[in-house]
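Going by TrEMBL, these are the annotated features:
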- 26-44: transmembrane segment (TRANSMEM)
- 35-441: domain 'Cation/H+ exchanger transmembrane' (DOMAIN)
- 56-74: transmembrane segment (TRANSMEM)
- 80-99: transmembrane segment (TRANSMEM)
- 111-137: transmembrane segment (TRANSMEM)
- 143-165: transmembrane segment (TRANSMEM)
- 177-200: transmembrane segment (TRANSMEM)
- 212-232: transmembrane segment (TRANSMEM)
- 253-282: transmembrane segment (TRANSMEM)
- 337-354: transmembrane segment (TRANSMEM)
- 361-382: transmembrane segment (TRANSMEM)
- 419-438: transmembrane segment (TRANSMEM)
Amino acid sequence: MTALFIPCTAFASTESGGHGNDYVQTLAILAMIVLVAKVAGAIAERFKQVSVLGELLLGVLLSVPALFGVHFLSEFAQSNLVRFVSEIAIVLLLFQVGLESNLHEMKRVGLHATLVAAIGVAAPFVLGTYVIAPWLFPEASSHFALFLGAALTATSVGITARVFKDLGVAQSQNAKVVLGAAVIDDVIGLIILAIVNGIIQSGAAHGSDILVISAKAVGFLAVSIVVGRYTAGPISQMLSRITTNVGMKMAMALAFCFIYAFVGSVFGLAPIVGAFAAGLLLDHVHFHRFAAPKYANAIQDILKETKEVETADRLSKTIEGFRQQHVEDLVEDFNRWFIPVFFVVTGLSVNLAVFSNNRVVFSAIALTVAAILGKVVSGFAAGKGTDWKVVGFGMVPRGEVGLIFAAIGRQLNVLSEEAYAVIVIMVILTTLLTPMLLPRFMQRSRTVSVA
(Lines of atoms letter the chains of each structure in order from A and count residues from 1; the text may use other names and numbers.)
(Lines give C-alpha, C1' and ligand atoms only; values in the text may rest on other atoms or scores of the structure.)
Protein backbone atom coordinates (compact mmCIF):
# COMPACT_ATOMS: atom_id res chain seq x y z
CA MET A 1 0.00 0.00 0.00
CA THR A 2 2.87 2.38 0.78
CA ALA A 3 4.27 1.81 -2.72
CA LEU A 4 0.91 2.79 -4.17
CA PHE A 5 0.79 6.10 -2.32
CA ILE A 6 4.23 7.29 -3.49
CA PRO A 7 3.07 8.08 -7.06
CA CYS A 8 -0.36 9.02 -5.71
CA THR A 9 1.16 11.72 -3.52
CA ALA A 10 3.00 13.13 -6.51
CA PHE A 11 -0.25 13.10 -8.46
CA ALA A 12 -2.09 14.94 -5.68
CA SER A 13 0.62 17.54 -5.14
CA THR A 14 0.67 18.62 -8.79
CA GLU A 15 -1.84 21.42 -9.09
CA SER A 16 -0.77 22.46 -12.55
CA GLY A 17 1.43 21.24 -15.35
CA GLY A 18 1.44 19.87 -18.86
CA HIS A 19 -0.70 17.00 -20.03
CA GLY A 20 2.46 14.95 -20.51
CA ASN A 21 3.13 15.21 -16.76
CA ASP A 22 -0.38 14.01 -15.92
CA TYR A 23 -0.02 11.13 -18.36
CA VAL A 24 3.27 9.96 -16.81
CA GLN A 25 1.85 10.21 -13.28
CA THR A 26 -1.22 8.23 -14.33
CA LEU A 27 1.07 5.53 -15.72
CA ALA A 28 2.95 5.38 -12.42
CA ILE A 29 -0.26 4.97 -10.41
CA LEU A 30 -1.56 2.45 -12.94
CA ALA A 31 1.60 0.37 -12.51
CA MET A 32 1.24 0.37 -8.73
CA ILE A 33 -2.47 -0.48 -8.92
CA VAL A 34 -1.79 -3.50 -11.14
CA LEU A 35 0.87 -4.71 -8.69
CA VAL A 36 -1.16 -4.13 -5.52
CA ALA A 37 -4.27 -5.61 -7.18
CA LYS A 38 -2.41 -8.86 -7.84
CA VAL A 39 -1.35 -8.92 -4.16
CA ALA A 40 -4.95 -8.31 -3.05
CA GLY A 41 -6.16 -11.07 -5.38
CA ALA A 42 -3.58 -13.50 -3.98
CA ILE A 43 -4.65 -12.68 -0.40
CA ALA A 44 -8.29 -13.34 -1.32
CA GLU A 45 -7.32 -16.72 -2.77
CA ARG A 46 -5.54 -17.58 0.50
CA PHE A 47 -8.93 -17.20 2.18
CA LYS A 48 -10.59 -19.47 -0.41
CA GLN A 49 -12.15 -16.53 -2.25
CA VAL A 50 -11.78 -15.54 -5.89
CA SER A 51 -9.13 -12.96 -6.78
CA VAL A 52 -11.86 -10.69 -8.20
CA LEU A 53 -13.15 -10.13 -4.68
CA GLY A 54 -9.74 -9.06 -3.38
CA GLU A 55 -9.26 -6.64 -6.28
CA LEU A 56 -12.74 -5.18 -5.84
CA LEU A 57 -12.33 -4.75 -2.07
CA LEU A 58 -8.96 -3.09 -2.67
CA GLY A 59 -10.73 -0.54 -4.86
CA VAL A 60 -13.36 0.08 -2.17
CA LEU A 61 -10.58 0.49 0.42
CA LEU A 62 -8.79 3.01 -1.80
CA SER A 63 -11.98 5.08 -1.98
CA VAL A 64 -11.84 5.72 1.79
CA PRO A 65 -9.59 8.85 1.50
CA ALA A 66 -12.38 10.53 -0.48
CA LEU A 67 -14.46 10.54 2.72
CA PHE A 68 -11.89 12.92 4.19
CA GLY A 69 -11.70 15.22 1.19
CA VAL A 70 -8.70 13.55 -0.48
CA HIS A 71 -9.88 12.92 -4.04
CA PHE A 72 -6.71 12.24 -6.03
CA LEU A 73 -7.46 8.52 -6.43
CA SER A 74 -11.02 9.24 -7.50
CA GLU A 75 -9.67 11.70 -10.07
CA PHE A 76 -7.22 9.05 -11.22
CA ALA A 77 -10.12 6.62 -11.78
CA GLN A 78 -11.79 9.22 -14.02
CA SER A 79 -8.70 9.90 -16.17
CA ASN A 80 -9.00 9.13 -19.88
CA LEU A 81 -6.19 6.57 -19.82
CA VAL A 82 -7.66 4.59 -16.92
CA ARG A 83 -11.16 4.70 -18.39
CA PHE A 84 -9.77 3.41 -21.69
CA VAL A 85 -7.92 0.55 -19.96
CA SER A 86 -11.07 -0.32 -17.97
CA GLU A 87 -13.26 -0.38 -21.08
CA ILE A 88 -10.75 -2.55 -22.95
CA ALA A 89 -10.70 -4.86 -19.91
CA ILE A 90 -14.50 -5.24 -20.01
CA VAL A 91 -14.42 -6.18 -23.70
CA LEU A 92 -11.56 -8.66 -23.19
CA LEU A 93 -13.24 -10.20 -20.15
CA LEU A 94 -16.47 -10.92 -22.04
CA PHE A 95 -14.43 -12.25 -24.95
CA GLN A 96 -12.76 -14.65 -22.52
CA VAL A 97 -16.15 -15.68 -21.09
CA GLY A 98 -17.32 -16.41 -24.64
CA LEU A 99 -14.21 -18.47 -25.41
CA GLU A 100 -14.77 -20.53 -22.27
CA SER A 101 -18.42 -21.13 -23.22
CA ASN A 102 -18.81 -24.05 -25.60
CA LEU A 103 -21.84 -24.00 -27.92
CA HIS A 104 -21.65 -27.78 -28.38
CA GLU A 105 -21.70 -28.32 -24.61
CA MET A 106 -24.65 -25.93 -24.32
CA LYS A 107 -26.62 -28.22 -26.64
CA ARG A 108 -25.84 -31.20 -24.40
CA VAL A 109 -26.68 -29.71 -21.00
CA GLY A 110 -30.23 -31.02 -21.12
CA LEU A 111 -33.67 -29.76 -20.27
CA HIS A 112 -33.11 -29.35 -16.53
CA ALA A 113 -30.04 -27.13 -16.90
CA THR A 114 -31.92 -25.04 -19.47
CA LEU A 115 -34.89 -24.66 -17.09
CA VAL A 116 -32.57 -23.73 -14.21
CA ALA A 117 -30.98 -21.06 -16.42
CA ALA A 118 -34.32 -19.69 -17.65
CA ILE A 119 -35.77 -19.43 -14.13
CA GLY A 120 -32.44 -18.12 -12.81
CA VAL A 121 -32.65 -15.22 -15.26
CA ALA A 122 -36.41 -14.54 -15.23
CA ALA A 123 -36.93 -14.55 -11.44
CA PRO A 124 -34.18 -12.02 -10.55
CA PHE A 125 -35.13 -9.81 -13.51
CA VAL A 126 -38.77 -9.68 -12.41
CA LEU A 127 -37.81 -9.11 -8.76
CA GLY A 128 -35.38 -6.33 -9.65
CA THR A 129 -37.55 -4.57 -12.23
CA TYR A 130 -41.02 -4.88 -10.74
CA VAL A 131 -40.42 -5.27 -6.97
CA ILE A 132 -37.10 -3.84 -5.79
CA ALA A 133 -36.91 -0.82 -8.14
CA PRO A 134 -40.42 0.59 -7.46
CA TRP A 135 -40.17 -0.25 -3.75
CA LEU A 136 -36.69 1.09 -2.92
CA PHE A 137 -36.26 3.64 -5.74
CA PRO A 138 -39.81 4.93 -6.40
CA GLU A 139 -38.51 8.16 -7.94
CA ALA A 140 -36.37 6.32 -10.52
CA SER A 141 -37.23 5.96 -14.21
CA SER A 142 -38.46 2.83 -15.98
CA HIS A 143 -35.04 2.62 -17.65
CA PHE A 144 -33.44 2.40 -14.22
CA ALA A 145 -35.84 -0.38 -13.21
CA LEU A 146 -35.00 -2.37 -16.35
CA PHE A 147 -31.28 -1.97 -15.76
CA LEU A 148 -31.53 -2.97 -12.11
CA GLY A 149 -33.38 -6.12 -13.15
CA ALA A 150 -30.78 -6.86 -15.84
CA ALA A 151 -27.93 -6.44 -13.33
CA LEU A 152 -29.42 -9.24 -11.21
CA THR A 153 -29.58 -11.80 -14.02
CA ALA A 154 -25.92 -12.75 -14.49
CA THR A 155 -24.25 -15.72 -12.76
CA SER A 156 -20.48 -15.97 -12.33
CA VAL A 157 -19.70 -19.52 -13.44
CA GLY A 158 -16.05 -19.22 -12.39
CA ILE A 159 -16.78 -18.81 -8.68
CA THR A 160 -19.06 -21.84 -8.40
CA ALA A 161 -16.80 -23.92 -10.66
CA ARG A 162 -13.88 -23.27 -8.34
CA VAL A 163 -15.89 -24.33 -5.27
CA PHE A 164 -16.97 -27.58 -6.96
CA LYS A 165 -13.37 -28.25 -8.03
CA ASP A 166 -12.01 -27.63 -4.52
CA LEU A 167 -14.61 -30.04 -3.10
CA GLY A 168 -13.71 -32.69 -5.69
CA VAL A 169 -17.27 -32.85 -7.06
CA ALA A 170 -16.79 -31.13 -10.42
CA GLN A 171 -18.18 -34.21 -12.22
CA SER A 172 -21.24 -34.63 -9.98
CA GLN A 173 -24.75 -34.21 -11.36
CA ASN A 174 -25.23 -31.06 -9.25
CA ALA A 175 -22.09 -29.49 -10.73
CA LYS A 176 -22.99 -30.43 -14.31
CA VAL A 177 -26.44 -28.85 -14.00
CA VAL A 178 -25.11 -25.66 -12.37
CA LEU A 179 -22.19 -25.17 -14.77
CA GLY A 180 -24.34 -25.92 -17.82
CA ALA A 181 -27.07 -23.59 -16.60
CA ALA A 182 -24.57 -20.82 -15.79
CA VAL A 183 -23.28 -20.77 -19.37
CA ILE A 184 -26.82 -20.48 -20.79
CA ASP A 185 -27.54 -17.92 -18.06
CA ASP A 186 -24.67 -15.75 -19.36
CA VAL A 187 -26.02 -15.85 -22.91
CA ILE A 188 -29.58 -14.95 -21.86
CA GLY A 189 -28.30 -12.29 -19.46
CA LEU A 190 -26.24 -10.62 -22.17
CA ILE A 191 -29.19 -10.69 -24.57
CA ILE A 192 -31.25 -8.93 -21.89
CA LEU A 193 -28.44 -6.41 -21.40
CA ALA A 194 -28.31 -5.81 -25.16
CA ILE A 195 -32.07 -5.24 -25.25
CA VAL A 196 -32.09 -2.93 -22.22
CA ASN A 197 -29.07 -1.03 -23.58
CA GLY A 198 -30.89 -0.57 -26.90
CA ILE A 199 -34.07 0.61 -25.19
CA ILE A 200 -32.17 3.18 -23.12
CA GLN A 201 -30.07 4.53 -25.99
CA SER A 202 -33.00 4.78 -28.40
CA GLY A 203 -35.50 5.98 -25.82
CA ALA A 204 -37.97 3.32 -26.96
CA ALA A 205 -41.20 3.31 -25.00
CA HIS A 206 -43.71 1.42 -27.16
CA GLY A 207 -44.08 -2.33 -27.35
CA SER A 208 -43.34 -2.39 -31.08
CA ASP A 209 -40.05 -0.50 -30.57
CA ILE A 210 -39.00 -2.90 -27.83
CA LEU A 211 -39.80 -5.89 -30.06
CA VAL A 212 -37.63 -4.44 -32.83
CA ILE A 213 -34.72 -3.90 -30.43
CA SER A 214 -35.14 -7.42 -29.01
CA ALA A 215 -35.16 -8.93 -32.50
CA LYS A 216 -32.07 -6.91 -33.39
CA ALA A 217 -30.18 -8.11 -30.29
CA VAL A 218 -31.06 -11.78 -30.76
CA GLY A 219 -30.56 -11.53 -34.52
CA PHE A 220 -27.13 -9.94 -34.12
CA LEU A 221 -25.93 -12.73 -31.85
CA ALA A 222 -27.33 -15.47 -34.08
CA VAL A 223 -26.17 -14.01 -37.42
CA SER A 224 -22.75 -12.97 -36.14
CA ILE A 225 -22.06 -16.45 -34.78
CA VAL A 226 -23.22 -18.17 -37.99
CA VAL A 227 -21.27 -15.78 -40.25
CA GLY A 228 -18.23 -16.02 -38.01
CA ARG A 229 -18.28 -19.81 -38.10
CA TYR A 230 -18.10 -19.75 -41.89
CA THR A 231 -15.50 -16.97 -42.17
CA ALA A 232 -13.13 -17.89 -39.32
CA GLY A 233 -11.81 -20.98 -41.15
CA PRO A 234 -10.84 -19.22 -44.42
CA ILE A 235 -9.38 -16.26 -42.51
CA SER A 236 -7.33 -18.64 -40.38
CA GLN A 237 -6.09 -20.45 -43.49
CA MET A 238 -5.09 -17.18 -45.17
CA LEU A 239 -3.23 -15.85 -42.12
CA SER A 240 -1.46 -19.16 -41.47
CA ARG A 241 0.03 -19.00 -44.98
CA ILE A 242 1.80 -15.80 -43.93
CA THR A 243 3.07 -17.22 -40.64
CA THR A 244 1.95 -19.86 -38.16
CA ASN A 245 3.60 -18.34 -35.09
CA VAL A 246 1.79 -17.71 -31.82
CA GLY A 247 1.76 -13.94 -32.42
CA MET A 248 -0.44 -14.34 -35.50
CA LYS A 249 -2.66 -16.76 -33.58
CA MET A 250 -3.22 -14.18 -30.86
CA ALA A 251 -3.65 -11.38 -33.40
CA MET A 252 -6.45 -13.26 -35.14
CA ALA A 253 -8.28 -13.88 -31.85
CA LEU A 254 -8.01 -10.24 -30.74
CA ALA A 255 -9.00 -8.98 -34.19
CA PHE A 256 -12.24 -10.98 -34.02
CA CYS A 257 -12.84 -9.67 -30.49
CA PHE A 258 -12.42 -5.98 -31.30
CA ILE A 259 -14.10 -6.09 -34.73
CA TYR A 260 -17.17 -7.82 -33.30
CA ALA A 261 -17.24 -5.34 -30.39
CA PHE A 262 -17.19 -2.50 -32.95
CA VAL A 263 -19.90 -4.07 -35.12
CA GLY A 264 -22.05 -4.64 -32.04
CA SER A 265 -21.81 -0.94 -31.14
CA VAL A 266 -22.69 0.01 -34.75
CA PHE A 267 -25.92 -1.97 -34.31
CA GLY A 268 -26.69 -0.04 -31.13
CA LEU A 269 -25.63 -2.83 -28.77
CA ALA A 270 -23.03 -2.74 -26.01
CA PRO A 271 -19.54 -3.61 -27.35
CA ILE A 272 -19.29 -6.44 -24.82
CA VAL A 273 -22.15 -8.26 -26.59
CA GLY A 274 -20.09 -8.31 -29.79
CA ALA A 275 -16.98 -9.43 -27.90
CA PHE A 276 -18.95 -12.24 -26.25
CA ALA A 277 -20.29 -13.35 -29.64
CA ALA A 278 -16.72 -13.42 -31.00
CA GLY A 279 -15.66 -15.66 -28.14
CA LEU A 280 -18.63 -17.97 -28.68
CA LEU A 281 -18.00 -18.49 -32.39
CA LEU A 282 -14.25 -19.12 -32.20
CA ASP A 283 -13.31 -22.75 -31.64
CA HIS A 284 -9.96 -24.49 -31.31
CA VAL A 285 -10.40 -25.93 -34.83
CA HIS A 286 -10.05 -22.41 -36.22
CA PHE A 287 -6.48 -22.28 -34.88
CA HIS A 288 -5.20 -25.78 -35.64
CA ARG A 289 -2.95 -24.50 -38.46
CA PHE A 290 -1.00 -22.29 -36.07
CA ALA A 291 1.88 -23.26 -33.80
CA ALA A 292 1.10 -25.26 -30.68
CA PRO A 293 2.32 -24.01 -27.28
CA LYS A 294 5.99 -24.69 -26.58
CA TYR A 295 5.24 -26.89 -23.58
CA ALA A 296 3.01 -29.09 -25.78
CA ASN A 297 5.90 -29.50 -28.22
CA ALA A 298 8.23 -30.35 -25.32
CA ILE A 299 5.84 -33.05 -24.12
CA GLN A 300 5.56 -34.30 -27.71
CA ASP A 301 9.33 -34.87 -27.72
CA ILE A 302 9.05 -36.88 -24.49
CA LEU A 303 6.14 -38.85 -25.97
CA LYS A 304 8.32 -40.05 -28.85
CA GLU A 305 10.65 -41.71 -26.34
CA THR A 306 7.85 -43.21 -24.22
CA LYS A 307 7.23 -46.93 -24.69
CA GLU A 308 4.61 -47.48 -21.99
CA VAL A 309 1.17 -47.43 -23.66
CA GLU A 310 -0.81 -46.01 -20.74
CA THR A 311 1.67 -43.16 -20.16
CA ALA A 312 1.79 -42.40 -23.89
CA ASP A 313 -2.01 -42.22 -24.01
CA ARG A 314 -2.12 -39.81 -21.06
CA LEU A 315 0.58 -37.63 -22.59
CA SER A 316 -1.28 -37.54 -25.92
CA LYS A 317 -4.47 -36.38 -24.19
CA THR A 318 -2.51 -33.76 -22.24
CA ILE A 319 -0.93 -32.41 -25.43
CA GLU A 320 -4.32 -32.23 -27.15
CA GLY A 321 -5.79 -30.43 -24.14
CA PHE A 322 -2.99 -27.85 -24.21
CA ARG A 323 -3.52 -27.28 -27.93
CA GLN A 324 -7.26 -26.83 -27.60
CA GLN A 325 -6.90 -24.46 -24.64
CA HIS A 326 -4.02 -22.45 -26.10
CA VAL A 327 -6.01 -19.43 -27.34
CA GLU A 328 -7.98 -19.27 -24.08
CA ASP A 329 -4.69 -19.40 -22.15
CA LEU A 330 -3.16 -16.65 -24.31
CA VAL A 331 -6.17 -14.37 -23.81
CA GLU A 332 -6.26 -15.15 -20.08
CA ASP A 333 -2.55 -14.29 -19.73
CA PHE A 334 -3.18 -11.04 -21.62
CA ASN A 335 -6.15 -10.27 -19.38
CA ARG A 336 -4.24 -10.81 -16.14
CA TRP A 337 -2.90 -7.25 -16.38
CA PHE A 338 -5.95 -5.43 -17.78
CA ILE A 339 -8.84 -6.91 -15.82
CA PRO A 340 -7.55 -6.20 -12.27
CA VAL A 341 -7.49 -2.50 -13.20
CA PHE A 342 -11.20 -2.68 -14.07
CA PHE A 343 -12.10 -4.35 -10.75
CA VAL A 344 -10.03 -1.90 -8.69
CA VAL A 345 -11.49 1.09 -10.55
CA THR A 346 -14.99 -0.36 -10.06
CA GLY A 347 -14.44 -0.48 -6.30
CA LEU A 348 -12.73 2.92 -6.35
CA SER A 349 -15.77 4.43 -8.09
CA VAL A 350 -18.01 3.56 -5.12
CA ASN A 351 -18.85 6.66 -3.10
CA LEU A 352 -18.78 5.32 0.46
CA ALA A 353 -20.43 8.50 1.73
CA VAL A 354 -23.78 7.26 0.40
CA PHE A 355 -23.81 4.55 3.09
CA SER A 356 -24.28 7.21 5.76
CA ASN A 357 -27.89 7.09 4.56
CA ASN A 358 -29.71 4.21 6.25
CA ARG A 359 -31.96 3.89 3.21
CA VAL A 360 -28.96 2.99 1.03
CA VAL A 361 -27.76 0.37 3.54
CA PHE A 362 -31.23 -1.16 3.67
CA SER A 363 -31.42 -1.10 -0.14
CA ALA A 364 -28.12 -2.99 -0.38
CA ILE A 365 -29.39 -5.67 2.00
CA ALA A 366 -32.77 -5.92 0.27
CA LEU A 367 -31.20 -6.15 -3.19
CA THR A 368 -28.83 -8.88 -1.98
CA VAL A 369 -31.75 -10.88 -0.56
CA ALA A 370 -33.65 -10.50 -3.84
CA ALA A 371 -30.53 -11.51 -5.79
CA ILE A 372 -30.18 -14.67 -3.69
CA LEU A 373 -33.87 -15.63 -3.75
CA GLY A 374 -34.12 -15.07 -7.49
CA LYS A 375 -31.40 -17.64 -8.12
CA VAL A 376 -32.21 -20.11 -5.33
CA VAL A 377 -35.71 -20.77 -6.73
CA SER A 378 -34.10 -21.99 -9.95
CA GLY A 379 -32.81 -25.00 -8.01
CA PHE A 380 -36.32 -26.49 -7.92
CA ALA A 381 -36.06 -27.13 -11.68
CA ALA A 382 -32.85 -29.17 -11.34
CA GLY A 383 -34.60 -32.54 -11.55
CA LYS A 384 -33.95 -35.92 -9.94
CA GLY A 385 -30.52 -36.85 -8.68
CA THR A 386 -29.72 -33.29 -7.63
CA ASP A 387 -30.08 -31.18 -4.50
CA TRP A 388 -32.11 -28.02 -5.14
CA LYS A 389 -30.18 -26.10 -2.46
CA VAL A 390 -26.81 -26.94 -4.03
CA VAL A 391 -28.02 -26.02 -7.51
CA GLY A 392 -29.85 -22.89 -6.35
CA PHE A 393 -27.00 -21.48 -4.27
CA GLY A 394 -24.53 -22.51 -6.97
CA MET A 395 -26.27 -19.99 -9.24
CA VAL A 396 -26.10 -17.14 -6.69
CA PRO A 397 -22.67 -15.45 -7.20
CA ARG A 398 -22.72 -12.46 -9.56
CA GLY A 399 -18.97 -11.83 -9.68
CA GLU A 400 -17.35 -10.12 -12.65
CA VAL A 401 -20.40 -10.12 -14.96
CA GLY A 402 -22.53 -8.29 -12.40
CA LEU A 403 -19.80 -5.67 -12.05
CA ILE A 404 -19.73 -5.18 -15.82
CA PHE A 405 -23.48 -4.55 -15.80
CA ALA A 406 -23.01 -1.96 -13.03
CA ALA A 407 -20.17 -0.24 -14.91
CA ILE A 408 -22.24 0.01 -18.09
CA GLY A 409 -25.15 1.41 -16.10
CA ARG A 410 -22.89 4.19 -14.82
CA GLN A 411 -21.57 4.88 -18.34
CA LEU A 412 -25.14 5.27 -19.60
CA ASN A 413 -26.01 7.56 -16.64
CA VAL A 414 -28.85 5.23 -15.72
CA LEU A 415 -27.52 4.31 -12.28
CA SER A 416 -27.09 6.95 -9.59
CA GLU A 417 -24.14 6.86 -7.16
CA GLU A 418 -26.41 5.21 -4.59
CA ALA A 419 -27.71 2.54 -6.96
CA TYR A 420 -24.22 1.81 -8.28
CA ALA A 421 -22.87 1.37 -4.74
CA VAL A 422 -25.81 -0.87 -3.83
CA ILE A 423 -25.17 -3.15 -6.83
CA VAL A 424 -21.43 -3.40 -6.05
CA ILE A 425 -22.22 -4.37 -2.44
CA MET A 426 -24.70 -6.98 -3.72
CA VAL A 427 -21.98 -8.45 -5.95
CA ILE A 428 -19.51 -8.55 -3.04
CA LEU A 429 -21.98 -10.25 -0.70
CA THR A 430 -23.19 -12.87 -3.19
CA THR A 431 -19.58 -13.60 -4.14
CA LEU A 432 -18.63 -14.02 -0.47
CA LEU A 433 -21.61 -16.16 0.50
CA THR A 434 -21.32 -18.88 -2.13
CA PRO A 435 -17.90 -20.31 -1.11
CA MET A 436 -19.10 -20.20 2.52
CA LEU A 437 -22.51 -21.86 2.10
CA LEU A 438 -22.07 -24.24 -0.84
CA PRO A 439 -19.68 -26.68 0.94
CA ARG A 440 -22.18 -26.97 3.82
CA PHE A 441 -25.05 -27.77 1.48
CA MET A 442 -22.85 -30.28 -0.36
CA GLN A 443 -21.97 -31.97 2.95
CA ARG A 444 -25.64 -32.18 3.95
CA SER A 445 -26.49 -33.55 0.51
CA ARG A 446 -23.86 -36.29 0.89
CA THR A 447 -25.10 -37.11 4.41
CA VAL A 448 -28.69 -37.47 3.19
CA SER A 449 -27.55 -39.64 0.25
CA VAL A 450 -25.58 -41.96 2.55
CA ALA A 451 -28.49 -42.19 5.00
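Any Cβ shown, glycine's included, is placed from N, Cα and C.
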Sequence-distant residues near the transmembrane segment (177-200) by C-beta distance (under 8 Å, 6 or more away from its ends) are 94, 97, 101-102, 105-106, 108-110, 112-114, 116-118, 120-121, 125, 143, 146-147, 150, 153-157, 160-161, 164, 209-210, 213-214, 216-218, 220-221, 264, 268-270, 272-273, 276, 280, 378, 382-383, 386, 390-391, 394-395, 401, 405, 408, 412, 414
The recorded stretch from 26-44, 111-137, 212-232, 337-354 sharing the largest number of CB pairs under 8 A with the transmembrane segment (361-382) is 111-137
Quick tally over 80-99, 143-165, 212-232 of CB pairs under 8 Å to the transmembrane segment (26-44) gives the top stretch as 80-99
Paired segments the transmembrane segment (56-74) and the transmembrane segment (337-354) in contact, 3+ CB pairs under 8 A:
yes
Best-packed against the transmembrane segment (337-354), counting Cβ pairs under 8 Å over 80-99, 143-165, 212-232, is stretch 80-99
Taking contact to mean three or more C-beta pairs under 8 angstroms, with sequence separation of 6 or more, is the transmembrane segment (253-282) in contact with the transmembrane segment (143-165)?
no
